[in-house]
Amino acid sequence: MESTHEEAVTATPPSEPFFSMLDFVLLGVLLIGAGWWLLKNKKKEPPAAVKSYSIQPTAVNTMTMAENSFIKKLKSSGRSLVVFYGSQTGTAEEFAGRLAKEGMKYRMKGMVADPEECDMEELLQLKDIPNSLAVFCLATYGEGDPTDNAMEFYEWITNGDVDLTGLNYAVFGLGNKTYEHYNKVAIYVDKRLEELGATRVFELGLGDDDANIEDDFITWKDKFWPTVCDFYGIESTGEDVMMRQYRLLEQPDVAPDRIYTGEVARLHSLVNQRPPFDAKNPYLAPIKVNRELHKSGDRSCMHVEFDLEGSKMRYEAGDHLAVYPVNDSDLVERLAKLCGANLDTVFSLINLDTDSSKKNPFPCPTTYRSALTHYLEITALPRTHIIKELAEYCSDEKDKEFLKTMSSTTPEGKAQYQSWIQDACRNIVHILEDIPSCRPPIDHICELLPRLQPRYYSISSSSKLHPTTVHITAVLVQYKTPTGRLNKGVATTFLAMKHPENGLPPPRVPIFIRKSQFRLPTKPETPVIMIGPGTGFAPFRGFIQERDLLRKEGKEIGETILYFGCRKRAEDYIYEEELEEYSKNGSVNLRLAFSRDQPHKVYVTHLLEQDSDLVWNLIGEKKGHLYICGDAKNMATDVRNILLNIIKTKGNMSENEAQQYIKKMETQKRYSADVWS
């Protein structure tokens, strides 16, 4: 294009001037106008907080698809530390960011990277960068699976046979001991990287979300850094550098149609809806039905139906529905008041790292009201790094020391954090209410808090019966804390207010479908055993609907047994009329346990033990499928142990043989669990 342009200029007749008098007049008018606009729109820099914060470019960098060469990024910005994360809920990403940020203290400039957006084969080149280190913060998800964004990397190191000699690495895993495949992904990646020739700089760290994953992480990283220093022959600067990652820009003159009001990614995506719909482009689904399932008692369970007509969204029984909730307006107002903020201020948080591809922590520009309502997890219990930064804003020295101690790794600090934050269930609002001398600026709160995540629900319908609607079953979460406050579940509180009314447009909620491996057998004549007390029944409602439909079509249906339990038949037996009708028609064999309807408590596990002959007949002799849905910590563990005992006694197997039998069932997809803790 340059040569063409030069030719065009050369072709201009020399006698003709480049600019006429009119051109000069127009240019002058434009310059005067531009000068006036700049003066009018010049912003005053926000006053620096009188705290020990350094507003300077941070060395942390987050990559996006725009440039997937993390090696190029490391070299161009003088970095040697890259922290990859495999995250489903945002915790692993948060831990990765904290590690990368702390690298500054140890003279290792860090970068956070999403493996899905990187060419991971570049790990082979990392050894060319002096003192380089790759850290992997990896969560285990589902039935021992990698998270969506780490799936490709996991498959690459599993199936590939690359030589990673010279790669220095460390792994921290995020899991939950109530699940059978505890930290399976991190354990495998740590072992596999070593098998491929890489050098483990520090031992594998395992975080347990059922206990105190924050404590696990800080305990691990406080031993990790000294080992890294020894390995590379470097020293800590000894300073805790409090460094802001984003700067505040208030934008009062931004046109209203350029302001984000809750969109996940694309501006106006909730108004101008375009399929396909997914996590970054949710469908704003009308709610057709929202009815109470409990007949009495002080608890509430909702049956909610979302209209999918025209969305082109498809689902199968066993899939999950993700709901993007909003925070309670009362909590939002209280937090703004505590920080002295005007909720209608339009602002952007802009990354101080000019090399970073992640320009903002959430969609900007937006208002504080939208940020606190749609983008930030304000009900989450703040982790210690947030407590540590809050301490800087205490005007009372005693309060400052209290928060600093609580954020430390000392036994006293850990005990304080456990009792004052975790046991007392204090969120950011409660902390600021209980420590009146702590008054952080609202923009720093917006920087510190994690992103508000979608909530997932097992779908409780079959698309074969309900092709244009999707149903969920959800218990309203509310509980009193030790401080006397009433804490409410974000999503269920949000859904509880969404009731369609005659004559009015239906309320709408942003949703998307997440596919699952929780599936009925492909052959309808295969027997199935479903164990789902309480709302654990949700996916089985879809399974039963599907089998009932096939039975009505004249197909042969295998034995379909449901173990369902609740407190009282007259109180919380959800979908009673439906289930009794299916039972009467022969579509399901009901095994019911009402724990409080008799002097001694009876649970579904008791019924399973009584039915040991039936269970073995279906899974051992007829090769049926067994499904569990519900509480992972107690119920699912108990069911597995009972099943193990049935296989041993009825199948005449040793303990080890019975364990192998269950593992084989899992491999064959004959043993499936959809559980939560």
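For all residues, glycine too, the Cβ spot is worked out from N, Cα and C.
Straight from TrEMBL, the features:
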BINDING   87-92, 139-142, 174-183, D209  FMN binding site
BINDING   R299, T535, S595, R596, K601, V602, Y603, V604, T605, D638  NADP(+) binding site
BINDING   R455, Y456, Y457, S458, T473, A474, V475, Y479, G489, V490, A491, T492, W676  FAD binding site
DOMAIN    81-225  domain 'Flavodoxin-like'
DOMAIN    280-521  domain 'FAD-binding FR-type'
TRANSMEM  18-39  transmembrane segment
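Rounded to a whole value, the Cα-Cα separation of G90 (FMN binding site) and Y603 (NADP(+) binding site) is 35 Å.
Across the domain 'Flavodoxin-like' (81-225), DSSP classifies residues as 65 helix, 35 strand, 45 coil. K601 (NADP(+) binding site) and A491 (FAD binding site) have their C-alpha atoms 31 Å apart, to the nearest angstrom. Within 10 Å of R299 (NADP(+) binding site), as judged by C-alpha distances, no binding-site residues are found among A139, G489, W676. Of the binding-site residues V475, A491, A491 has the largest number of other Cβ atoms within 10 Å of its own Cβ.
Per-residue pLDDT, averaged across the domain 'Flavodoxin-like' (81-225), gives 94. With respect to their backbone Cα atoms, Y457 (FAD binding site) and N176 (FMN binding site) stand 19 Å from each other. Here the candidates are the binding-site residues G489, A491, S595, Y603, W676, and by Cα distance the one nearest N176 (FMN binding site) turns out to be W676. Close to Y179 (FMN binding site) in the fold, though at least 6 residues off in sequence, lie T140, G144, A632, V675, S677, each with a CB less than 8 Å from its CB. With respect to S87 (FMN binding site), the closest of these binding-site residues in Cα terms is A491, chosen from T473, V475, A491, S595, Y603.
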